[in-house]
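Below: the structure, in structure tokens.
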Amino acid sequence: MGRQGVLVCSLVFLLSFAFAAYQPYPKGIVMDVEVHTLPNWSTNQTQLSNDFLDFVEWCVNETKPHNIPIWWAIPRWYDSSPILVPRRGVTKTLSAWVQDITNVLIMDYSARNYIADAMGELQYSLNTSTKVRIALDVSGTWLLSPPSEFERVISNVVGNFTSFPTFDSVSIENYKYWVPTNPQPTLQKRDVFVWERTYVTNTTEQAKLYDFLNYVKNVNAIYIQNQYLVGTTQANYNLLKKFINDTYHSCGVHTELLSGDPKWSVPGADQNQGFKTVTNSVKMILEMRPVCFGIDVFNSTTCSSNGACVANDTCVCNKDFSGDNCQFWSCGGVSKNVSSVCSGHGICKVMNVCVCDAGFNGTLCEVSLATPTQTSTLTPTQTSTITQTQTQTPTLTSTQTPTQIPTSTQTPGSSTDSPVPTPYSTSNVNNTATPTPTPTVSNSTQTPTPTFNVTQTPVPSNTTQTPTPTPSSTIGNTTATRSPTPAATLSSTLANTNAPNASQVLSSSSTNKINYGILLSCILLLIVF
């Protein structure tokens, strides 16, 4: 079951983090130095308390420059007995002195009053910048209780303290002894004390631990004892580093370095061992923790304070931030360094605030303030219409108008006068009809009609033309009939003159002969070519 549990845990975790590179490292240091367990505590409480607080201050000064979180485990009754400690001219409870220096982990190992026993520390933390964790112990009353009872207790702790900004999390002592039935992932993640260093040095025991972590599904971090590993041999040091890496990549569980001994409170050889353990813990964290662009993971300004440093120079940015160092905010979901931000018409000044260019407005500069002109739209249409009207002058297909010159002069009583047509010639093909002088009647000669250059322009269909009456003249017993003018322009022009247009006078038989001649000529040309 051990190896199988490791594989299952690893697969579940790797599927969740397949696309995120993460460099595991110890998340902090947990110190469990219970000075009150020393043999001479009852007789030398004030001195031991001050020695203990000196050691606490030294440890904090060792970790603070590197921004490494450190937590100090203290029993719930350090503020309720109370243990009053005079120090540097001020008297406070021992818990208050510790909270003034560092974060605390309240060992709230009470079956009944676990809320009330931790309330004093939570309320005091509001006056400091330090945080509070609540530790519960399974091995007491809850070990024999139904599994749901302990989950109810954890939920009750979270429900009562989650409103405190200084409340951090719940930690479980002896969690491995309490195996719930059908456990489910919960929102109340908890940290677990793991005192057995055999989980680090023995792979079989390590597999059992991974089985447990996979089964309970709700462990956020383990506190692994390290005081007999760091600072001893290089082999043990390397085993601990490997364990930290494997635990995270196998089950997604972080690690914090746990150590402590009551004798570390007293100056001397034992305390020196405590100094060495803390120094080596800091060294390991500095070696393993990622640094992003010169700023370590514990610094609040890492990744521009807009993301998490998960590996060396690798940031995972918060929502609406981008860039290698998460240095770019966004407007409307578009990064400020992208040309299309603010619709390409402004700059993203701060998160979701665009400063628009002149002529643009709107939350994302999406509104153009320019007034569209009608000229650009209408001009092409008007030009096209005018051009079409002015240039539509089709060339007539049959415009070969033979010129007739009625030149005969008749005397009274002579025979009918027939006009003599001018021979047809292709050189006379054009669109212009040229009037010729009118025939002379009796002894009088008619005034020649002026020449008109007439362009035959089709009359629009909606134009009503009044037919021009056909003028006639009688010569002896012969009546000469003139055809109506074919174009409106010519009719208008002739209407302004009193002279008839003799060139337009053709008999219907003559016109038909010409049309047949043209048709025959075209057929011959087609046959030849």
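Glycine too: its Cβ is placed from the backbone N, Cα and C atoms.
Unlike curated entries, TrEMBL annotations are predicted automatically.
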Checking TrEMBL: of CYS348, CYS356, the cysteine bonded to CYS365 via disulfide is CYS356
Across the domain 'EGF-like' (334-366), DSSP yields 4 helix, 13 strand, 16 coil
Ordered by sequence, the long-range same-chain Cβ contacts of CYS356 (disulfide bond) under 8 Å (at least 6 apart) are CYS342, HIS345, GLY346, GLY362, CYS365
Excluding its own, the Cβ atoms lying within 10 Å of the Cβ of CYS365 (disulfide bond) add up to 23
